[in-house]
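Annotation source TrEMBL lists domain 'NADH:quinone oxidoreductase/Mrp antiporter transmembrane' at 23-288. Per TrEMBL, transmembrane segment is recorded for 59-79, 91-115, 151-171, 178-196, 202-219, 240-261, 281-304, 324-345. Annotated domain 'NADH dehydrogenase subunit 2 C-terminal' per TrEMBL: 290-342, in sequence order.
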Amino acid sequence: MNPQAKLISTTSLLLGTSITISSNHWMTAWIGLEINTLAILPLISKTHHPRAIEASTKYFLTQATASTLLLFASMINAWFSGQWDITQLTHPMSCMLSTVAISIKLGLVPFHFWFPEVLQGSTMTTCLLLATIMKFPPITLFYLTSPSLNSTLLTSMAIASAALGGWMGLNQTQTRKVLAFSSIAHLGWMTIILNYDPNLTLITFYLYTMTTSAIFLILNTTNTLKLPTVMTSWTKIPSLTTIFMLTLLSLAGLPPLTGFLPKWLIIQELTKQELTATATAISLLSLLGLFFYLRLAYCATITLPPNFTNYMKQWQTNKPTNPLTTIFTSLSIMLLPLSPMVLTIS
């Protein structure tokens with residue numbers, strides 16, 4: 001891809017995200033989302049492979065549909081209440097349509113079908129953007145409109161996302177699809193607490209972004225796309241593979257790693273709200289995700305593939321490790337003792 005074109009796309013991506021997260025008017029938020037969509041399309045289709053073109057087409061169609069619904073919802077709300085302010089979402093139809101539109105943009109169940117396919121057709125770097133930065137503007141809109149949204153609808157979608165994200169990730173052999181369903185399952189955790197403590201949604205999103213970024217950067221460094229490749233990648237950078245295992249366990253939410261913090265706080269808050277059944281259900285559903293994270297960790301560090309013929313192992317790579325990988329992996333593993341400070345800041 002042309003460096004100038006890449007610079008323009010990246011700058012537009014940051015501009016669109018900044019416009020949406022800093023706006024309090026529906027039109028400026030919509031403009032930011034449109035800039036985001038148009039900026040990421042060249043990055044998805046830059047390999048000129050049929051899968052990449054298909055992924056960019058699917059992404060464009062779903063995001064255009066979601067943007068149309070969001071604009072329609074804001075216009076209905078303005079028609080009946082005279083308010084264009086994002087926080088003044090009062091009309092029931094507008095609340096329903098905006099929830100559907102933002103859910104499509106995020107990839108929440110039952111609007112998740114596009115997300116694994118788009119990630120599978122993209123490069124690792126683009127997958128990192130799609131799974132983290134591109135979800136920030138819709139999550140911000142959810143945060144701003146949270147008092148007006150239907151808690152029953154959000155809880156149903158959250159439980160369904162956690163269930164389907166865990167269930168569909170069990171039989172995947174492509175690392176990008178595994179991380180796509182992992183993202184859907186984590187979105188369920190973010191959505192379930194949205195009505196009761198929106199700040200927890202943001203904390204969960206930040207920690208998820210940090211951990212997922214670390215995993216994508218490690219996979220990009222070792223050039224690992226499939227589970228069989230994970231089994232043979234340990235010879236490239238053995239120390240990084242060990243850290244990869246710990247980062248995966250953190251994403252699974254095992255203590256004493258960073259990923260345990262948001263799940264612990266969410267279960268605690270749901271219990272305070274006397275939603276014990278909901279907390280129990282989503283906790284049990286997280287065990288599905290734990291299985292495929294453990295499988296990835298097992299493949300990466302513990303097991304070797306069966307070999308009946310001699311073959312040359314992939315020797316240590318000369319590719320330098322990105323400094324961001326070191327920062328994100330360290331934070332993904334060791335942030336739990338700082339949880340009182342995290343809660344104070346939030």
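Glycine residues also receive a Cβ, built from the backbone N, Cα and C atoms like all the rest.
What you are looking at is a predicted structure, and each value in this text was computed from that prediction instead of being measured.
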Recorded stretches the transmembrane segment (202-219) and the transmembrane segment (324-345) touching, at least 3 CB pairs under 8 Å: yes
Best-contacting stretch, by C-beta pairs under 8 Å, relative to the transmembrane segment (151-171) and drawn from 59-79, 281-304, 324-345: 281-304
Other parts of the chain folded back onto the transmembrane segment (240-261), taken as Cβ under 8 Å at six or more residues beyond its ends: 182, 203, 207-208, 210-212, 214-215, 218, 221-222, 233-234, 286, 289-290, 293-294, 296-297, 300-301, 321, 325, 329, 331-337, 339, 342
Same-chain residue ranges lying at least 6 outside the transmembrane segment (324-345) that approach it to Cβ under 8 Å: 203, 207, 210-211, 213-214, 217-218, 221, 240, 243, 246-247, 250-251, 255-261, 265
Beyond the flanks of the transmembrane segment (59-79) by at least 6 residues, Cβ under 8 Å: 26-27, 30, 33-34, 37, 40-41, 44, 88-91, 93-98, 100-102, 104-105, 111, 114, 118, 141
Segment-level pLDDT (mean, integer) for the domain 'NADH dehydrogenase subunit 2 C-terminal' (290-342): 72
